[in-house]
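What follows is a single structure, written as structure tokens, with notes after it.
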């Protein structure tokens, strides 16, 4: 089954400056602020059609408030461009002329 979930996220631009002389600074001084979560919670939905031996629950984050700060990899995807999976990845059965393919 595909299930549509609407949630809120943190996104946007933060004021930042690029430092000259990057070769002489530690890597920790080179990080820039990003729009990230100040406070968030998790909501859980039940996925229909799961087998009885499978827990039919999916939890997802909901942004309560945002801030400009360092990206925390404990709960955020901090890469430049995330993998785009805006489609249902479960294999679908296609029917052509009454026959399943």
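Cβ coordinates come from backbone N, Cα and C, glycine included.
Copied over from Swiss-Prot, here are the features:
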| type | residues | note |
| --- | --- | --- |
| DISULFID | 2-88 | disulfide bond |
| CARBOHYD | 6 | N-linked glycosylation site |
| DISULFID | 10-66 | disulfide bond |
| DISULFID | 14-68 | disulfide bond |
| DISULFID | 71-78 | disulfide bond |
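Overlay of Swiss-Prot feature records on the structure.
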residue	record	Cβ neighbours (10 Å)
2	disulfide bond	9
6	N-linked glycosylation site	5
10	disulfide bond	18
14	disulfide bond	13
66	disulfide bond	18
68	disulfide bond	16
71	disulfide bond	17
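Residue 6 (N-linked glycosylation site) has 66 as its nearest neighbour among the disulfide-bonded residues 14, 66, 68, 71, going by CA to CA distance.
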